Amino acid sequence: GLAGVSTRVGVMDKSRPLWDNPVQFVFACISYAVGLGNVWRFPYLCQMYGGGGFLIPYFIMLIVEGMPLLYMELAVGQRMRQGSIGAWKIISPYLCGVGVASVVVSFFLSMYYNVINAWAFWYLFHSFQDPLPWATCPLNSNRTGYEEECEKTSSTQYFWYRQTLNISPSLEVSGAVQWEQALCLTLAWLVVYLCILRGTESTGKVVYVTASLPYCVLIIYLIRGLTLHGAVNGLIYMFTPKLEQLSNPKTWISAATQIFFSLGLGFGSLIAFASYNEPSNNCERHAIIVSLINSATSIFASIVTFSIYGFKATFNYESCINKVILLLLNAFDLEEGSLTADNLNEMKDYLMATHPQEYAQLLPQLKNCSLEAELDTAVQGTGLAFIVYSEAIKNMEVSQLYSVLYFVMLLMLGIGSMLGNTAAILTPLTDSKVIATRFPKEVISGVVCFINCIIGLIFTMEAGNYWFDIFNDYAATLSLLLIVLVETIAVCYIYGLRRFEKDLHTMIGRKLNWYWKVMWAFASPLLIISLFIFYLTDYILTGTLQYQAWDGTQGQLVTKDYPGYALAVIGLLVASSTMCIPLGALVTFVRKRLKRERVSTVA
């Protein structure tokens, strides 16, 4: 078992657990795992890949990938009593690079993730205005009409792209730092620092709020969302499966990666959290609880989201219908009430037959209104959080109240995830005798937050949102796949599955179920390898990587190729973390070789 390991771990300064009780640990894991991805990424994927049909591969991946790997990371952290670097170094000195890679990925994530909290602060501060600033387009400089860019798009998109981001037309045009966003980012990091002021110890006191409050707000939104006009249209759309999507490989890949990232596997945060547990803590039970709560939250948040989707789509559809009706009434001098949504198509056919020339002239102005098309229109990532929701909020009664509640919820979700990200960085630093003995925890936490805040100013520039997308898309995907694959192989085939099974029996007091052993030894590694091959193949076949740039003259997003230096940054982001694993093994090999040579020389 871990008799020898326990002796080595005994030198760690973890005589007192971080968590007051197992419930607090579960809250911490939920606060970290349940994040913004549950609110925007899962509903987006659910909509893109067949509504209810997406849930089938999602739950299969939860069973094959999510719960087993979460259990493994919690067990490793709890037994080794160290952060990600120390834990894998104990299993094998050649695996020290695995922990370093996890810290590097968590550092990248922290650099850009807190920008979302800065945006949430920005919207929260503007939520107290009446009317909401994104409810209508602003007047132009002559005050003779609305801003031209806003008229070409919508008030919510204009507020996001122009007044929030002041986005540049392309990545090549960097622009200046937006001081309002820089101040919001500074505030976001100040809040994170106050939450971790005493190092990871103070995290345990904050997780109750960051884990509980979002559910309270989601329940309020659920009650309000289900009472909105057209909400049922969104729910029908969500739970109507498009079974043909099950034959699409990307559906299964997206389901797997959603499980992978929503649970935070490979970042080292879960290992860091579990390292502060009591050695006898039932990590198996907690892995199951956290996995199920995380997935249930995704479903719950999707019901809320699709009810709002339905309201938004129905509102836009009925507005479109009313504009067409008004246009036809005025153009053909029809009686008021003679045109309705029910007889619109028949009347259009009649008018086209009786007044062909007049109808042909009017045809370019007649929009083809479709509820299905409105429901099919999805916005990915931050767009869902800050455009779609704000558009729905502006049409609600007491919109200021719902706006405040929503952006407070986003802040709680974002801060909860940031606590886990910073814990993954801070725990290896405080575990290090060299650093921990020279600097107090407040200084270590402050330096980490300060460095991240300074680097994060890049994302507050006019081209900052494009850099945000680069980090969001490429800083972790391939790296995490490789990290977790190596972790699984290390536990099962380097440390030894039987040996690990004995350690778990010592901790939780019963034998390891066959399900966990099959998943760890065969199913999960094969799935991760398949994902890894798919991503590499997809990137190779894609050719030149592209991004979505905002064209203010058209009022819409346009596709552009990444410039050469952006591709170089993408390569560095992937290489800087993945190369830690072989470099760590190489450095360990060289050190051992030199040590043996010195010993033989002395002898």
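Placement of Cβ uses the backbone N, Cα and C atoms for every residue, glycine included.
Whatever TrEMBL says is automated annotation, not expert-curated.
Worth saying up front: this structure is predicted, and the values here are computed from it rather than measured.
Its own atom aside, the Cβ of S417 (Na(+) binding site) has 27 Cβ atoms within 10 angstroms in the protein chains shown. Feature annotation from TrEMBL assigns Na(+) binding site to A33, V34, N38, S262, N294, L413, S417.
For 22-42 (among others), the entry in TrEMBL reads transmembrane segment.
Per TrEMBL, the feature transmembrane segment maps to 48-71 (among others).
Listed by sequence, the residues of this chain that lie at least six past the ends of the transmembrane segment (91-113) yet keep a Cβ under 8 A from its Cβ atoms are 76, 80, 83-85, 266-269, 271, 414, 417-418, 421-422, 424-425, 428, 448, 452, 455-456, 459, 467-468, 471-472, 475-476, 479-480, 482-483, 486-487, 490-491, 494-495, 573, 576-578, 580-585, 587-589, 592. What TrEMBL lists as transmembrane segment is 91-113 (among others).
Under the heading transmembrane segment, TrEMBL lists 179-197 (among others).
Here TrEMBL flags 206-232 (among others) as transmembrane segment. Beyond its flanks by at least six residues, the transmembrane segment (206-232) meets 24, 27-28, 30-31, 34, 195, 297, 300-301, 303-304, 307-308, 310-311, 313-315, 396, 402, 405-406, 408-409, 412-413, 415-416, 419 of its own chain at Cβ-Cβ distances under 8 Å.
For 252-276 (among others), the entry in TrEMBL reads transmembrane segment. Listed as Cβ neighbours of the transmembrane segment (252-276) (distance under 8 Å, sequence separation of 6 or more from its ends, same chain) are residues 14, 17-19, 25, 28-29, 32-35, 37-38, 41-42, 45, 48-49, 54, 57-58, 60-62, 65-66, 69-70, 73-78, 80-84, 87, 99, 102-103, 105-106, 109, 200, 283, 290-291, 294-295, 298, 417, 420-421, 423-424, 426-428, 476-477, 479-481, 483-484, 487, 527, 531, 534.
The transmembrane segment annotation in TrEMBL covers 288-309 (among others).
Using a Cβ-Cβ cut-off under 8 Å and counting only residues 6 or more beyond its ends in the same chain, the transmembrane segment (404-426) has close neighbours at 28, 31-36, 38-39, 83-84, 102-103, 106-107, 109-110, 113-114, 116-117, 120-121, 123-124, 127-128, 188, 191-192, 195-196, 199-200, 203, 206-207, 209-211, 213-214, 217-218, 220-221, 264, 267-273, 385, 389, 393, 444-445, 448-449. Summarising the annotation, TrEMBL assigns transmembrane segment to 404-426 (among others).
The transmembrane segment feature in TrEMBL is assigned to 447-468 (among others).
What TrEMBL records for 474-497 (among others) is transmembrane segment. Remote same-chain partners of the transmembrane segment (474-497), defined as residues 6 or more beyond its termini with a Cβ less than 8 Å from a stretch Cβ, comprise 69, 72-73, 76, 88, 91-92, 95, 98, 101-102, 104-105, 108-109, 112, 257, 260-261, 265-267, 517, 520-521, 524-525, 528-529, 531-532, 535-536, 570, 573-574, 577-578, 581.
Annotated transmembrane segment per TrEMBL: 518-537 (among others), in sequence order. Long-range contacts of the transmembrane segment (518-537) within its own chain (CB-CB distance under 8 A, at least 6 residues past either end) are made by residues 61, 64-65, 67-69, 72, 249, 253, 256-257, 260, 477-478, 481-482, 484-485, 488-489, 491-492, 497.
Positions annotated as transmembrane segment by TrEMBL: 565-590 (among others).
Take the CB of N294 (Na(+) binding site) and look out to 10 A: across all protein chains shown you find 25 other CB atoms. Nonlocal intrachain contacts for the transmembrane segment (288-309), taken as residues 6+ away from its ends with a CB within less than 8 angstroms of a stretch CB, comprise 26, 29-30, 33-34, 38-40, 42-43, 46-47, 55, 58-59, 62, 66-67, 70-71, 215, 218, 221-222, 225-226, 228, 231, 234-235, 237-238, 258-259, 262-263, 375, 384, 388-389, 392. In sequence order, S262, N294, T297, S298, A301, L413 are the residues of the chain that are 6 or more apart from N38 (Na(+) binding site) and have a CB within less than 8 Å of its CB. Residues 114-115, 117-119, 121-122, 164-165, 203, 206, 414-415, 418-419, 422-423, 426, 442, 445-446, 449-450, 452-453, 456-457, 459-460, 464 of the same chain lie 6 or more positions beyond the ends of the transmembrane segment (179-197) yet place their CB under 8 Å from a CB of it.
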